[in-house]
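Notes to accompany the following structure.
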Amino acid sequence: MSEPVLAVSGVNKSFPIYRSPWQALWHALNPKADVKVFQALRDIELTVYRGETIGIVGHNGAGKSTLLQLITGVMQPDCGQITRTGRVVGLLELGSGFNPEFTGRENIFFNGAILGMSQREMDDRLERILSFAAIGDFIDQPVKNYSSGMMVRLAFSVIINTDPDVLIIDEALAVGDDAFQRKCYARLKQLQSQGVTILLVSHAAGSVIELCDRAVLLDRGEVLLQGEPKAVVHNYHKLLHMEGDERARFRYHLRQTGRGDSYISDESTSEPKIKSAPGILSVDLQPQSTVWYESKGAVLSDVHIESF
C-alpha cells in the first residue's frame, strides 16, 4: 500500500448557535459563557493514501464541507489532529480565493499566490489556464460580473494547473454545463494517472462510482461507512429514504458492522402492500417518445440494470 498523504484522527468541530447578535457579542467577551452548540463533526477518522480518489457522500448538513474546510486549513478543529503531506489545493465555495473587483486574469495570479505559486510559475501556466477555462474576452473583466458557470471554469482551470499533490473538490463542478463537466472529469482522470490524490464531494452517484477508489458516508457529523463506492452509495441512498426509528436502527447497524447488506428492515418482514404486475413483452410495441441524437462517435450497447 502507498504512503498516506492525509490523516484525520479524532477530529471534532462544533459551532455556537446564537439567538441574537447581542448574544454573539456577549459570548465573544465571555468565552466561558454557556451557549447552544451545533456539533458538525464528531470523532472523524480518515486516512487517504497517495494516488487514491476518495468520494465523500451524505445529505445536506452531514458535515462534508466542514470536513473539507478543516482538511484544507480554512478552519481549525476543536480537537484532534490533521496531518497533510505535499501541496493541498481545494475548490470549495464558489468564488473563494478570488477578489470580485479583480479581472479574471488578475485573479489567476492572485489565486496562484495564495496557493504558493510565484508569478513566473503562473506566467508559464497562463496559456494552459486560459485555454481550459475558455471564457474568451471575459478574462479581462472583473469576476464580479461573471456567471457562476464562468467562475467555476476559471477556478477549476487554476487549481488543476498548480501541481497539486492533493486535490479537493466540493460539489463545485455541478455548476458547470454538461460539456465542461465532461472536460473536467476527463482532466481528473488524467490527474489520477499522474498519481494525484483526489477528494471529491458529489451528489452525483454515477461520478462517485466511476471515479473513486473508495467512498465515505458522512451522516450527522459521523463517518458511518467506508468502502467500495458502489456499496457505500447504495447504503447512502437507503439512508436517505428512512425516517425516525428505522433510520436510527440502520445508522447503528452501519456503525457496528461497516456494511448494510445484512440489515433487515421493517418493510422486508411485512407483507407487500402492492403486488407486482405480470410482465408483458411485445416486439411490435414502438415508443412514441424516442428521440434520436446525432452520433458523436460514442456508442452505447447492451444497456441493462443491475441490482445491488
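Using the three backbone atoms N, Cα and C, a Cβ is placed for every residue, glycine included.
Note that the coordinates shown come from a computational prediction; the quantities given were computed from them, not determined experimentally.
Copied over from Swiss-Prot, here are the features:
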type: DOMAIN; residues: 6-245; note: domain 'ABC transporter'
type: BINDING; residues: G58, H59, N60, G61, A62, G63, K64, S65; note: ATP binding site
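Features per Swiss-Prot, on structure.
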{"residue": "G58", "record": "ATP binding site", "contacts (Cβ under 8 Å, 6+ apart)": "K64, L217, L218, D219, Y236"}
{"residue": "H59", "record": "ATP binding site", "contacts (Cβ under 8 Å, 6+ apart)": "D219, L239, L240"}
{"residue": "N60", "record": "ATP binding site", "contacts (Cβ under 8 Å, 6+ apart)": "none"}
{"residue": "G61", "record": "ATP binding site", "contacts (Cβ under 8 Å, 6+ apart)": "none"}
{"residue": "A62", "record": "ATP binding site", "contacts (Cβ under 8 Å, 6+ apart)": "L218, D219, R220, G221"}
{"residue": "G63", "record": "ATP binding site", "contacts (Cβ under 8 Å, 6+ apart)": "K13, A40, L41, L218, R220, G221, E222"}
{"residue": "S65", "record": "ATP binding site", "contacts (Cβ under 8 Å, 6+ apart)": "L92, E93, D170, E171, V201"}
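In the three-state DSSP classification, S65 (ATP binding site) falls within a helix. Other Cβ atoms within 10 Å of the Cβ of K64 (ATP binding site) number 22 in total over all chains. Taken together, the residues of the domain 'ABC transporter' (6-245) have an average pLDDT of 90. The residues near the ATP site, meaning same-chain residues not in G58, H59, N60, G61, A62, G63, K64, S65 whose C-beta sits within 8 angstroms of the mean position of the site's C-beta atoms, are L218, D219, in sequence order. In the three-state DSSP scheme, H59 (ATP binding site) falls into the coil class.
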